[in-house]
Amino acid sequence: MFSRRNLLALGLAATVSAGPCDIYEAGDTPCVAAHSTTRALYSSFSGALYQLQRGSDDTTTTISPLTAGGIADASAQDTFCANTTCLITIIYDQSGNGNHLTQAPPGGFDGPDTDGYDNLASAIGAPVTLNGQKAYGVFMSPGTGYRNNEATGTATGDEAEGMYAVLDGTHYNDACCFDYGNAETSSTDTGAGHMEAIYLGNSTTWGYGAGDGPWIMVDMENNLFSGADEGYNSGDPSISYRFVTAAVKGGADKWAIRGANAASGSLSTYYSGARPDYSGYNPMSKEGAIILGIGGDNSNGAQGTFYEGVMTSGYPSDDTENSVQENIVAAKYVVGSLVSGPSFTSGEVVSLRVTTPGYTTRYIAHTDTTVNTQVVDDDSSTTLKEEASWTVVTGLANSQCFSFESVDTPGSYIRHYNFELLLNANDGTKQFHEDATFCPQAALNGEGTSLRSWSYPTRYFRHYENVLYAASNGGVQTFDSKTSFNNDVSFEIETAFAS
């Protein structure tokens, strides 16, 4: 006699390269929303995965799989975005329900962009390969969010649903709330039980699990649950995987959290049982909107990286989810390269020269804690030469990228704070390390390098009125002006004035 799982596997064997949503369909819990910038989630899907907008002329284009059911056409993105910046403006729904994710509007909390909207994600912050083919995930800095408040077919009230997401288990924080899933249609907090979304992070304000985090939890509104009880649940382990599969499902008086390494192995069940015994959570009052990277009320202080995810109609069986996990592992997610162009070498000492016409005698330097540009040459004072010289070290937050230590103030590094570049002493915190890590890429104007913030990949080293900022190509800050952006973010790497 065949088990349900064996029957499911036999049924799928007749389907060439069945995708996650084919597997859910075979398990009688079809996808009602399917989002990914890396690959098709149905074997037959060949439509648009996501939309890009480039900074040079605000033109948009869509990126589709190379073949039906295949990997995203990263080369089309690279060509479209060459010598400029690109944002991900839409993440398309592959299910046919039109549940596309777009820039999240203001709600209980305003976002940092124009009119209170959240920021859009850089198109190049999360490069990966799937089975050796290049693709890009969605690297979401604090303030970034996507949403659909008019979704079709998603669970409402106490209806059953399932969901999974493939996330970066090393990119997180303790702010509210890096979510993917079901939320309020008003972008406001309408009470306990009005959400059911995957959360990844190390917040301990509501629930938390074993160790120091991060944890997969469920955001049910007004609480993050790691198990049956509010607060601590020992069965929810800390996550250490670079690529994480997070799976959540909920129905009438039942719900579950499951998780796994998305690169190998099988799903583990961290909780499966009755709804929390607190007011508002049984029955649930789900509203059916879809969020990514934010809380239901547009809380937008969290960070994380999203590669793919779906929401289903009905409560998926463990066997169905196990088969989806096998499919994810078979996709072979591997970290891609964050750097391009002229290379830095850890341990070398450099000076960085401005390339903007009319300013090419100026170098990145500092005056006390202010990072600025100053005119420097061989006749300058020893003090100024040292202030304009930087020791390159392996990135404090990411070993692919780099941090820049002051020659004249050892132990102090260039970091961004409120998007100004400052010279501050390394305090050893995760926040400082992320603020002080920058990824070089081929200069946007073709001269040298452009230095992109690892933690805010829409933002680059930019000189503006002779002061250095972490600036975006267009934005709400004065120093985000598009005028001369490519020149202002491009620097020649030269032999240091001092060492």
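Placement of Cβ uses the backbone N, Cα and C atoms for every residue, glycine included.
If you look up Swiss-Prot, you'll see 1-17 marked as signal peptide. Per Swiss-Prot, the feature region 'Catalytic' maps to 18-335. Among the features that Swiss-Prot reports, disulfide bond is placed at Cys21-Cys31, Cys81-Cys86, Cys176-Cys177, Cys401-Cys439, with the record citing experimental evidence. The site 'Cis-peptide bond' annotation in Swiss-Prot covers Cys176, Cys177. According to Swiss-Prot, the active site, nucleophile annotation covers Glu221, on the basis of experimental evidence. Look at Swiss-Prot and you will find 336-499 tagged as region 'ABD'.
Taking CA atoms as the reference points, Cys401 (disulfide bond) and Cys31 (disulfide bond) are 38 Å apart.
In this view, the densest Cβ surroundings among the disulfide-bonded residues Cys21, Cys31, Cys81, Cys86, Cys439 belong to Cys31, judged by other Cβ atoms lying within 10 Å.
Cys21 (disulfide bond) falls within a helix when secondary structure is assigned with DSSP. Spacing of Cys21 (disulfide bond) relative to Cys177 (site 'Cis-peptide bond') is 26 Å (Cα to Cα, whole number). Nearest neighbour of Glu221 (active site, nucleophile) by Cα distance, taken over the disulfide-bonded residues Cys31, Cys86, Cys439: Cys31. Taking the Cα of Cys31 (disulfide bond) as the reference point, the closest of the recorded positions Cys176, Cys177, Cys439 is Cys177. Put plainly, the recorded positions Cys176, Cys177, Cys401 were compared by Cβ crowding within 10 Å, and the winner is Cys177. Taking the C-alpha atom of Cys86 (disulfide bond) as reference, the shortest distance to any of the recorded positions Cys176, Cys177, Cys439 belongs to Cys439. Distance from the CA of Cys439 (disulfide bond) to the CA of Cys176 (site 'Cis-peptide bond') is 26 Å.
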